[in-house]
Structures are given as structure tokens and as C-alpha cells.
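Summarising the annotation, Swiss-Prot assigns active site, proton acceptor to TYR175 and lists similarity to another entry as the type of evidence. If you look up Swiss-Prot, you'll see 32-56 marked as NADP(+) binding site. The substrate binding site annotation in Swiss-Prot covers SER163. Residues or ranges marked as topological domain 'Lumenal' in Swiss-Prot (evidence: a curator's inference): 24-288. The topological domain 'Cytoplasmic' annotation in Swiss-Prot covers 310-318. Sequence annotations record features per position, and here Swiss-Prot assigns transmembrane segment to 1-23, 289-309 based on sequence analysis.
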Amino acid sequence: MWLPLLLGVLLWAALWLLRDRQCLPASDAFIFITGCDSGFGRLLALRLDQRGFRVLASCLTPSGAEDLQRVASSRLHTTLLDVTDPQSIRQAVKWVETHVGEAGLFGLVNNAGVAGIIGPTPWQTREDFQRVLNVNTLGPIGVTLALLPLLLQARGRVINITSVLGRLAANGGGYCVSKFGLEAFSDSLRRDVAPFGVRVSIVEPGFFRTPVTNLETLEDTLQACWARLPPATQALYGEAFLTKYLRVQQRIMNMICDPDLAKVSRCLEHALTARHPRTRYSPGWDAKLLWLPASYLPARLVDAVLAWVLPKPAQTVY
């Protein structure tokens, strides 16, 4: 009874692996990437450039663009893009159009993102959430919709970099909210453009050492948030809460942040070059072994574990 089942599972796994390894022929197709100043975007731009793709890399800052151009080949071109600015998006789209011409755009990688304030939700304002959503959710949506005609022209691919925290909201602030939103947009888009030959993949990295996870920046941002709180709210939590919270955050980040960004880049490259790209990729050991399994557990259990890990406010009622 069990032997046929086991053989069936092994056969399915073998066929899946064979299918997953099938690649498209080598290509010099055009790939547009956002957020190439540093981190995942910069690494991917350089790796695709080395593989012969014609990379159109957008950066937020002139220094980021100049630094990338300096170490890349002549095939790679850079432009400036602020994904929160509709006018900047329109200018970038025109720039892309002049490069791709009749060939269209084969790949769009929405990588630009920010962390915002990572901390208790009651400390934050609507504007705090808005700033993160503008970059992490509305930005990719705006860029994707603007470039969609060029992607349809080439029967191309959209790869949205979300986060494993788009599957499990482990902390307060706009980051998790923004990534959940981008996940939903990606799922809807995938179904809507599939009839036209456009493929959509989601890459949900675990914790990696990038500017988004820079501890000094995260701590400075949270301390500034604490400093602006009304005295009544500060009294509710107590002075010791912030110190303990930052200590826990530091311990977790030092323990699980992976310095090997190539794990993410390999997933992005597979999504662009595989004949059958996956719907979702989850690079990082913490994504596979911690966050994704936890996302399927009962909410009460996850809440209890997080309550045990994080410090309690001074005036807690339990």
C-alpha cells in the first residue's frame, strides 16, 4: 500500500526537478530593475550584466548610479527613479522605451524598498504607514502598470521582491502591511496577465544583511519615534521597554540575518531564465524553517510565542 504511494511521490519529485531545471536559451533581453543603489538590486544588476543581459538599472541617487555604472559593462545602463513620484516613473518609462524599441521589455524586477519604523503599532502615525506603503506597495504597482505594455509586447516577466514578513506579520509598522499588499497585487496580476504570456513571480526573502536591515538605522528610527510620543504613552510602556525592545531586536537580527545575498539573486535569476518560473521563491534558512512554517500555525500560538519573546509594557494588564 505504502510502496506505490512512495514511488508516486518520488516520481512526482523527479519530474518537478526536471521541469524546474529547464532554462530558456541564452538571451540578451532587456531587464529593468528598481533600487539598484545597493543590496539585492545592485547584485542582480551586475550578475545579469555578466550573463549577457541588457540591464536597465534604476537608482534613487546619482552616486548609486555612477558607482554601479563604473563597475559594469557597457551593456548596462542606469537612470534615476523615485518610485514614489509619478513624474519620475513617467520619465523612467520613456527612457526604457527608447532603449528597448520594438523588442519590448522581457523582465521587470521591483526591488526598491524601505523598512520604515519597525516597532509597536500604537507608537506610529498614519503618515508613518503612508511613507512605507508609497515605496513598498504603491511604487511597484505604479512602475508595473506603466511598463505593462512593454512587458506584454515581449511576453515578459514581472518579479516582485516582497518578504517572508509578507506572509507573517511578526512586528508592527508599515513594513509587513506593505509586503502583504504587494503579495496580493502580485497574485492578482499573475492571474490577469497569464492569458497574454506574461509570467509573475514573487520572491520572499528571509532576513539578509542589506540597508533595510541595518541595525543602526532601525534603532535610530525607533528611538526618534519614542522621543515624539506623548508622555502618557511613554508612561504606558515605561522607559525600560525601549531598551529591552532594541536588545531583543539586535539579538534576533544578529542571529538570523544572512550575509549571502547571492541566495536571493539566484532565485531572481531563475525567475527570469527558467522555462517554468516558480510562483514563489523563499530564499534564506529562516524563511524556510521558521517564518513560513509559523505562518501556517494557529494565530494564538504565534501570538503567544511573540509575546514571550518581546518585552512587556510597564502597564500591561496580563
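Any Cβ shown, glycine's included, is placed from N, Cα and C.
For GLY52 (NADP(+) binding site), other Cβ atoms within 10 Å of its Cβ number 13.
Counting same-chain residues at least six beyond the ends of the topological domain 'Cytoplasmic' (310-318), those with a Cβ under 8 angstroms from any Cβ of the stretch are 235-238, 240-241, 244-245, 248. Annotated pair LEU56 (NADP(+) binding site) and the residue listed as 'substrate binding site', C-alpha to C-alpha distance, rounded: 23 Å. Within its own chain, the transmembrane segment (1-23) is flanked in space by residues 273-276, 278, which lie at least six positions past its ends and keep a Cβ under 8 Å from the stretch.
Cα-Cα distance from the residue listed as 'active site, proton acceptor' to SER163 (substrate binding site): 9 Å (rounded to the nearest whole number). The shortest Cα-Cα distance from the residue listed as 'substrate binding site' to any of the binding-site residues (PHE32, CYS36, PHE40, LEU44, LEU48) is found for PHE40. Residue counts for the topological domain 'Cytoplasmic' (310-318) by DSSP state, with H, G and I taken as helix and E and B as strand, are 0 helix, 0 strand, 9 coil. Shown in sequence order, ILE33, CYS36, VAL109, ASN111, SER265, LEU268, GLU269 are the residues of the chain, 6+ apart in sequence, with a C-beta less than 8 angstroms from the C-beta of LEU44 (NADP(+) binding site). Other Cβ atoms within 10 Å of the Cβ of TYR175 (active site, proton acceptor) number 25 in total over all chains. According to DSSP, the residue listed as 'substrate binding site' sits in a coil region rather than a helix or strand. GLY52 (NADP(+) binding site) carries neither a helix nor a strand DSSP state and counts as coil.
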